[in-house]
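Peer 1: Please see the structure below; I have some questions.
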Amino acid sequence: MPNRKFADGEVVMGRWPGSVLYYEVQVTNYDDVAHLYTVKYKDGTELALKESDIRSQSSFKHRKSQSSSSSPSRRSSSRSRSRSRSPGRPPRGRRRSASQSREHKDDKKKTFQETSLALPVLVLFKPSENNTKRYNGEPESTEKNDTSCIILEQKLKPDLEVKRVLEQYSLRSRKDDKKKEEIYSEKKTFVAVKPIEKVPTKTKELEFGGRIGTFMLIFLLPATVFYLLLMCKQDDPSLLNFPPLPALESLWEGRVFGIFLLWFFLQAVFYLLPIGKVVEGLPLSNGRKLQYRINGVYAFILSAAAIGALLYFEFELHYLYNHFMQFAVSAAVFSLALSIYLYVRSLKAPEEELAPGGNSGYFIYDFFTGHELNPRIGSFDLKYFCELRPGLIGWVVINLAMLLAEMKIHSLSVPSLAMILVNSFQLLYVVDALWNEEAILTTMDITHDGFGFMLAFGDLVWVPFVYSLQAFYLVGHPTTITWPIAAAITVLNCVGYYIFRSANSQKNNFRRNPADPKLANLKFIPTATGKGLLVTGWWGFVRHPNYLGDIIMALAWSLPCGFNHILPYFYVIYFICLLVHREARDEHHCKQKYGLAWERYCQRVPYRIFPYIY
């Protein structure tokens, strides 16, 4: 294994990926496995570079000084040139000897070589506005709203610089023409290729309390689910009234587990149906884009048809209510088995396919957070499938089962108004997620987090069995609400949904196509990665307006349950804690990714989730 050439902390000149331009960078780390240096630019951007793309500062200083000086012969030749003649032609009335001609050509060749070598130092790379002016020492602009101008400047500026040099130093030898072609080809590559992110290396900063915290969460999360379900079954579900533990044999039934497996694989069949469009996700660390089939709405319609058929043939859907704890145990066992399979298969996954946050080298931590980013069986994406299908659609089925159970237990001809509100609000949320299924491809769950116990248990157990807690609670603890109160709660839910949907639509449309003329009125702060940070609309109000809308909706889902017990408000309390923690993770990742541009964004938008509060 070759020894590393540059030490940590050393200031060197690093080549920007896809260009011929070098900038002053500082070496922060070296990966012995991938043989890549992690370097940090002046604006805070971090990239992984090969050793061949890094040079010492002394070599650039030496060449720069050579190119800046000019010999007496070069000065005399420049004075003798006519404006109407090319640099390669002598003036009239003057003949050159063979030796003078060769010296003159060598002088021109040397001048072009020195200028081309000094060009990366003198001409600044312009991926975006927020780092170019900093290097030039010019005042920075904090925001822009002309996306097409940014893209045009990125494409034209490098070509104009090269064209200027080539026109000034016109060379006729084939070797120099070849150099011209190489420069043009590299410039074209620069225009076509976007700055890539570094290949995943070992995870250094551990989240969720590190190894000890993730080990405890593996047991704490299932215990929390079972505790909540047992509490809902009690007549007095107060926090001080701890429920009795059921017998172990009562928690498992083979028939229930079989029904759960049937549901899971039925959703897998719907996912594999060749209906719906196929789209590409965001670029991975190696530049590759995965393809995803968008057919969640069709899966929901087919699932509704299947449930309707069961009801037509008089299948007792409230069977779910009577065996709710057993279904939760079956889902937990299946998610654990799936997590073990995911970790075992990830041990053979290539380095570039591992998750940025789940490659620590510690078994428990990587098992919990997910070691592999996008585990697939052929074209079947396991993480993407579990995010929206069996758990999210299952949540709606569970709510319907609770509605039918309430009618049967309390001998109602129609469900209660509280139950109708809870079912309607959450049905809207699920349908919206499936209708905007493509938007999930830009979320942290897909782009950053691996698929391990955290997401497997969350998608298959936590979402369907905890998010349906209000409906489950109302079956055993009916609540009567008046129509004015119901109208006020409905307005609150609509406000939250409007903020949630409009904010997400702004973000997703801008990420997909920032040059869209429809988005020309949006202002943003450019970053060194080529992406922009929105500072108008909802994203200029708070940094995470979609989280704010989510929390407002969560409160509206709990209000129909009344105020007799805090148990139905567990969801909104948990959701606030979850989103505050996720916001902190977003803050950390964005600061590393965008550098000083993120600091300016935080100054521009000081509130994180709650305006004037947090």
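Using the three backbone atoms N, Cα and C, a Cβ is placed for every residue, glycine included.
Unlike curated records, TrEMBL annotations are generated automatically.
What TrEMBL records for this protein is below:
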- 4-62: domain 'Tudor' (DOMAIN)
- 53-112: region 'Disordered' (REGION)
- 101-112: compositional bias 'Basic and acidic residues' (COMPBIAS)
- 212-230: transmembrane segment (TRANSMEM)
- 250-273: transmembrane segment (TRANSMEM)
- 294-313: transmembrane segment (TRANSMEM)
- 325-344: transmembrane segment (TRANSMEM)
- 451-475: transmembrane segment (TRANSMEM)
- 481-500: transmembrane segment (TRANSMEM)
- 521-542: transmembrane segment (TRANSMEM)
- 562-581: transmembrane segment (TRANSMEM)
Peer 1: Which value does the mean pLDDT take for the domain 'Tudor' (4-62) in this predicted structure?
Peer 2: 80
Peer 1: Going by DSSP, how much of the domain 'Tudor' (4-62) is helix, how much is strand and how much is coil, in residues?
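Peer 2: Secondary-structure composition of the domain 'Tudor' (4-62): 9 helix, 26 strand, 24 coil.
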Peer 1: Counting Cβ pairs closer than 8 Å, which of 250-273, 325-344, 562-581 has the most of them with the transmembrane segment (451-475)?
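Peer 2: Result: 325-344.
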